[in-house]
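*Asks:* Sharing a structure here in structure tokens format.
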Amino acid sequence: MLRSFIPTSRSVLLRYSPVQNYVLRSSVCRGLINAGQIQSYSQKASATATSASDSKGGNNGGKGKLLLILGLLALGSSVVSLSYQKNPPVAFEEGPVSDDKKKTPAFSKDDVLVVFVLGGPGAGKGTQCAKLVKDFGFVHLSAGDLLRAEQAREGSQYGELIKKCIKDGEIVPQEVTVALLKNAITSNYNSSNKKFLVDGFPRKMDQAITFEEEIVPSTMTLFFDCPEKIMLERLLQRGKTSGRIDDNIESIQKRFKTFVETSVPVVEYFEKQNKVVKVSCNQPVDEVYQHVTEAIKDKISK
């Protein structure tokens, strides 16, 4: 419509200011008014101005121009009014997101049991998880092991990224870690395994929220509370034989800092939901495990 309108109505458009021309062009394009209406409005405005000028004479030419301007303003108001009537303002709804817009987890909490296992580097998470697997039939999923396996996998698009994050003591982007965990849980679930210890995860709030939204809400969180001095001694000792690139003093210190800044808030988040069991690791391994088994039995039996 715009192409056919402009050539035949150029004389009309030239009478208006750039802003008025823009309003008219936009209105024609959107089908709010047509060229005939523009001509009609223009003729009425011009007639009003001419009549005023003729009746008052040359000395009153200024008034005629004023009336012409007022006529054009009236035209603009009519265009805006037509636009408003045809396209009323969009109404925005406030309040929480409706249930049908929320993400649905892949698994039900009643069908899949997940225990998050958190603690600083060297707190003994792996040792305690190995015992729980043997005694309770859990599947142990170490986020760190999954990431290292993905890093070593030939053709992995995330290999270099994971390697750099581990070396620098940084947290791998949650999209990568959550995807690896989802694949592992799905694979085990299809083999009739429905109880999981997720070790070293979630390490950030976005990981916690994404996991529970997309995979399954957790049942509880085991938090191994261990003094930094003891963790440092364990990691340096382990580094002599582990061959891990992050078992060095520089990486360890970065990991401690990252844990305090990002993982502790996660523990506090689940603690508010009454889903955290804290276990002191400043004791012999067997004594720590006794407290762990008591907590597991208590939570699972509910």
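Numbers here mean position along the shown chain, with the first residue as 1.
Cβ coordinates are placed from backbone N, Cα and C, and glycine is handled just like the others.
Annotations in TrEMBL come from automatic prediction, not curation.
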*Asks:* Region 'NMPbind' per TrEMBL sits at which of 80-110, 142-172?
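*Replies:* Of the candidate stretches, TrEMBL labels 142-172 as region 'NMPbind'.
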*Asks:* Please give the ATP site's span as the largest CA-CA distance among GLY122, ALA123, GLY124, LYS125, GLY126, THR127, ARG238, GLN283, to the nearest whole angstrom.
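*Replies:* Site span for ATP, by Cα atoms: 19 Å.
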*Asks:* So, in DSSP terms, is GLY200 (ribonucleoside 5'-phosphate binding site) helix, strand, or coil?
*Replies:* coil
*Asks:* What residue among the binding-site residues GLY126, PRO202 has the most other CB atoms lying within 10 A of its CB?
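*Replies:* Max Cβ neighbours within 10 Å, all protein chains included: PRO202.
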*Asks:* Take every residue in the region 'LID' (237-247), average their pLDDT values, and give the whole-number result.
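*Replies:* When the pLDDT values over the region 'LID' (237-247) are averaged, the result is 75.
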